[in-house]
Amino acid sequence: MADSGLREPQEDSQKDLENDPSVNSQAQETTIIASNAEEAEILHSACGLSKDHQEVETEGPESADTGDKSESPDEANVGKHPKDKTEDENKQSFLDGGKGHHLPSENLGKEPLDPDPSHSPSDKVGRADAHLGSSSVALPKEASDGTGASQEPPTTDSQEAQSPGHSSAGQEGEDTLRRRLLAPEAGSHPQQTQKLEEIKENAQDTMRQINKKGFWSYGPVILVVLVVAVVASSVNSYYSSPAQQVPKNPALEAFLAQFSQLEDKFPGQSSFLWQRGRKFLQKHLNASNPTEPATIIFTAAREGRETLKCLSHHVADAYTSSQKVSPIQIDGAGRTWQDSDTVKLLVDLELSYGFENGQKAAVVHHFESFPAGSTLIFYKYCDHENAAFKDVALVLTVLLEEETLEASVGPRETEEKVRDLLWAKFTNSDTPTSFNHMDSDKLSGLWSRISHLVLPVQPVSSIEEQGCLF
């Protein structure tokens, strides 16, 4: 019971000191001064301290170690220790102060044993206050003397208000504060690094999306430009290629050169006669493997008889100009009343003999004058698929019964005129129907084979008067 009574005043005084903000601030200042004392202890030896300081600090550690002993003869003995022992204790106190900045909390927190229980609690509280004041005064003085710095020592009131328990509490609070300050700083670097990486990744994703959008938005345009460039390059290379790279066709070149001269020799002809005639024969000559012969029908009125004969001959001659061989000439005039089978045989012999001997063109004049049955031989030479000779040209002429042919007559009207004439000549009720004789169906089949191109010829007065002199 006596011990509890003695401890209560001291505990109350400690609680009051803990609750006082000014005391806490003084504890933090004492901690900072203690750290300066550690540096002072390294720079200056404890030997340079004055004797008064040694005596004051000797009381501090001894008071903490003995637990605030009463004023008895033992306290007098403590003051009579040898001087060297006092210096060692001063050094030890500086070392302890450098490590922990304050006296150990265990010794300060424990209640010292009181050898004199007769003292009242108020006397013990007074001695405790004196002890705390002496220990707190020693540290600031040593720090001030050792470092020689311009720091101002704390006041006497603040030193008296501090206690060993509060010094330990201040140290713990400072350590906690440092850990709290360092912890966010240590953790902030990974967080900042992570945020920077996230921002960088987001920026890269945005750039990828922009590139994708840009590609898909401009992709079709780029594709079209590339296709146009390829086509333009192909066309340019095709037209700018040297002439020697194109395979030459001597027959075509000779035909074009000679056919172009006919326009001057036969003036007054329709434009489509030259255009269509050139295109039709040029296509056939340019074909490497023609499937059928080139068959053309020229027609004219009776006033253009000589012009028709001369023009058809020169067109066939232009077609075979590369071979330097004249075309085959067959005339149906004067054979109307001959035997159709005989005429058919003669026509077959002349065409086959000439084509087999290298002639590439044949001119059949007055096709309308042949016996009807004899014209069936042209199935053999003008068939679409099974013609006997496919790389040849057959030029047929039909003289209309009309006296004149208007220049305004077009190709279709000209074709109808020729067709009507042949139907009138080759089909009638008096003609017997047999295999060797013509009928309407056979004539329709023949017409489809020989009527690829029907062109009108206008008379040339000089030719009609003087004949074909060239």
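Cβ atoms here come from the backbone N, Cα and C positions, even for glycine.
Because the structure is a prediction, the values reported are computed rather than measured.
Annotation source Swiss-Prot lists region 'Disordered' at 1-174.
Among the features that Swiss-Prot reports, compositional bias 'Basic and acidic residues' is placed at 1-18 (among others).
Residues annotated as N-acetylalanine in Swiss-Prot, with a large-scale study or a structure entry given as evidence: Ala2.
Annotated phosphoserine per Swiss-Prot: Ser13 (among others), in sequence order.
Annotated phosphoserine per Swiss-Prot: Ser93 (among others), in sequence order.
Swiss-Prot lists 108-130 (among others) with the feature compositional bias 'Basic and acidic residues'.
Residues or ranges marked as phosphoserine by Swiss-Prot on the basis of a large-scale study or a structure entry: Ser120 (among others).
The phosphoserine feature in Swiss-Prot is assigned to Ser163 (among others).
Feature annotation from Swiss-Prot assigns phosphothreonine to Thr176 (among others).
Per Swiss-Prot, the feature phosphothreonine maps to Thr193 (among others). In the three-state DSSP classification, Thr193 (phosphothreonine) falls within a helix. Just so you know, the Cβ of Thr193 (phosphothreonine) picks up 10 other Cβ atoms within 10 Å once every protein chain is counted.
Feature annotation from Swiss-Prot assigns transmembrane segment to 215-235.
What Swiss-Prot records for 236-470 is region 'Interaction with TOR1A', and it gives experimental evidence as the kind of evidence.
Here Swiss-Prot flags Asn286 as N-linked glycosylation site, drawing on sequence analysis. Asn286 (N-linked glycosylation site) carries a helical DSSP state (H, G or I).
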Asn286 (N-linked glycosylation site) and Thr193 (phosphothreonine), Cα-Cα, nearest whole angstrom: 78
Neighbouring C-beta atoms (10 Å sphere around the C-beta of Asn286 (N-linked glycosylation site)): 12
Local confidence of the prediction over the region 'Interaction with TOR1A' (236-470), expressed as mean pLDDT: 90
